[in-house]
Every structure is written in structure tokens, then in C-alpha cells.
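A.B. asks: From TrEMBL, here are the annotated features:
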type	residues	note
ACT_SITE	B:Asp9	active site
BINDING	B:Asp9, B:Asp143	Mg(2+) 1 binding site
ACT_SITE	B:Glu70	active site
BINDING	B:Glu70	Mg(2+) 2 binding site
ACT_SITE	B:Asp143	active site
REGION	B:163-193	region 'Disordered'
2 protein chains.
Amino acid sequence: MTLRVLGVDPGLTRCGVGIIEVDAKRVPSLVSVHTIRSAADAPLEQRLMIIARGIEALVDEFQPDAMAIERVFAQNNVRTVMGTAQVSGLALRAAAERGIPVALHTPSEVKAAVTGYGSADKAQVGAMVARLLGLDAVPKPADAADALALAICHAWRRDAARAPASTSPQGLTPAQRAWRDAEKSIRTPRLGR
Amino acid sequence: MTLRVLGVDPGLTRCGVGIIEVDAKRVPSLVSVHTIRSAADAPLEQRLMIIARGIEALVDEFQPDAMAIERVFAQNNVRTVMGTAQVSGLALRAAAERGIPVALHTPSEVKAAVTGYGSADKAQVGAMVARLLGLDAVPKPADAADALALAICHAWRRDAARAPASTSPQGLTPAQRAWRDAEKSIRTPRLGR
């Protein structure tokens, strides 16, 4: 049984949209990734319409089982936060109109789920997304990688919420376990070979 | 020639929508006023869908020549500002999809246009809206009165922007002139009769 999740990293200049699937073993794979753009010198209402139509077209094309959107905080970058909030509202409505379950995740939740660290930087998130999806290169721009990270985060959290706790030792996501194992191997002195 | 303006005071719990017309002499009259509500305990995406559908239904019913929406600032009430911004984005998109010109006005601009004072309180705005529209009572709740004030502000500012400066002494709106005249009459000592 696969679960298809569409993640949205809301933005007015660049809005990342990433679609992934996870299989029964929680292994994620890439379905598609997009960046919707609007011109910075266009009127605000035109920009919002362009971004909203772009999100809706991708939702209708890829028919996700669930949607995940980055939670925007009022304390974020004051210059851009209003546009980001407006785009998140348009994405939330798009989900509601189609009856698609939707959730908000904070950047910390996404980083923790995908890299094991809530304060990971953009480069770490991008590298981990590429590794998890078996991609040759990190998806560009960062908004696209973030949208994929959101979708992966949601798939794992959703899955974890339904699975018995025992299937996920210490409540770790697969990436967190991989990170923990990688750290262990680094910290263990290699004695000869 | 009349101009019909639909004003939106964006909000998630209560969204005010007011429709007015101004005639060639800039005299405003009430067309309709509404408050769209959503339940505070409903999921965010459902609330946004309900408010957006409500705004769109009123726009389609009343076919305004222009729309005016209150400009939301990141510095506003942090608890509610995200929802307010999201609703403003939905209203902006509704205008863009229909090709209706739309503008944002700050609360100070609206207060100054309608009452003559940029720092007027809600009661003053409500009282002046009732007087300007010839209503027996102040529209309730305040969101409804604010939406009407926005629409009046927009009609007058739009009008002022197109009219030769000489038609509006000192660049005052009709309400500002009325206020100035009222103040003069109060300050002039009445000498018996």
C-alpha cells in the first residue's frame, strides 16, 4: 500500500511543490517536484492567483492522498511573511475544496523528521532529501527540496501515528534512525579491517 | 454615474463584507452588508473554505466595480494575524479571478477618510458610517461597519485620485470637510438668540 503526499513550501516569489510516495516499508520515492513562480513586480492579487492556480493544477494532476503545508509564523521575516501566509491559505483552501486531508508542519518538525536535527540548515535538508529519494543531485531551488522534505515528514509522521509504537524504536523516523546509526559508526573507532 | 464598491474586513471568526455605491456627487449609499462567520473549533482549512466561498458568493451577487480590502500588517495581533492574512489572500484572489480592480487600505487610511481622524476608535468609525449612509443604527458587529468604512474610503480615494485637485479643497474627503465644519460650529460661541 502506497501513500502519496503533496508538500507545499508556500511563497509568493517561489512556491515549492513536491510529490512523493511511501511504500509499505516507509521507503519514500520521488513522484514529481515543481517550483511555481510569480513576478515580483506584478500586482499582489495577480501573483496570488498565479500561485493558487499552479498549486491547484498540480493537486489535480497528481491526486495526492494527503497534503502537507509549512506552518507560517507571524514572527518570521516580516517583509515576506504576509505573502507566505496568504499563499498557505490558498493551499489550505485547495485541499479543503477537494476533500484532501491536510496538515501543517513547522520547519523544525520537518528538519527533525528528515535529517534528525531540528536546526539543520538548508544544505543538510537538501542533501538528506536527495539521499532519501535516491536522487543524483539535490533538488533546486531550496523551496523545491523543502516541499519534498515536508511531504516525506508528513508521510512518516502520519504513518507513525497509525502504526503501533513498537514498530518505531524510540519513536524515531527512518532518517533519524539512519542518522543515529551513521553517528554511531563515525564515533566507533575503526580497528584495522 | 455610480460606482459600486465591495469592502472586505478580513477575519477568520467574523469577516465583514460591505457594499456601497457613491453617486456623481460622491454621496455614499448602502447596498448591502454581511458578516461571514466560521466556527472557531472547525479545522483551519474548512474555515478558510467557508469564508472564501462566502466572499465569492457576495462578489458574484453584487457585481462590484471595485473591491477594497484592509491591509494586514505582520505587527498586528500575533494570535490572529495569520488567519487574517490568509483570508485577505483569498479575497484578493477572488478579485483577480473576476478581473475586478482591488486595492488595500490601512486602518489609518480608512479612519482618516471616514472620520477625519486616523486614530479614531471603532465607535467613532461606526457612528460616522451610520451617519454617512443615513442609517438609523450603527451596523453590527464592528467588522460589518469596518467593511462599509473601507468601501466608502476606497470610493472617495479612487474618486479623488481621478478628479482635479480643485474639486476637493485642501484634499479633504467629504467626511473630513463635514468634520471640519462641525468642529468650526462647535468652537464658534453661540451668542444668545
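Note that Cβ sites are derived from N, Cα and C of the backbone, with glycine treated the same way.
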A.B. asks: According to DSSP, does B:Asp143 (Mg(2+) 1 binding site) sit in a helix, a strand, or coil?
C.D. replies: helix
A.B. asks: Would you count the other C-beta atoms found within 10 angstroms of the C-beta of B:Asp143 (Mg(2+) 1 binding site) for me?
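C.D. replies: Looking across every protein chain shown, the total is 25.
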A.B. asks: If we count other C-beta atoms within 10 Å, could you say which of the active-site residues B:Asp9, B:Glu70 has the fewest?
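C.D. replies: Taking B:Asp9, B:Glu70 as the active-site residues, the minimal 10 Å Cβ count falls on B:Glu70.
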A.B. asks: Between B:Asp143 (Mg(2+) 1 binding site) and B:Asp9 (active site), what is the CA-CA distance rounded to a whole number of Å?
C.D. replies: 6
A.B. asks: Check each of B:Asp9, B:Glu70, B:Asp143 (the recorded positions) against chain A and write down, in sequence order, those whose C-beta lies under 8 A from a C-beta there; write 'none' if there are none.
C.D. replies: none
A.B. asks: Can you tell me how far the Cα of B:Glu70 (active site) sits from the Cα of B:Asp9 (active site), in Å?
C.D. replies: 6
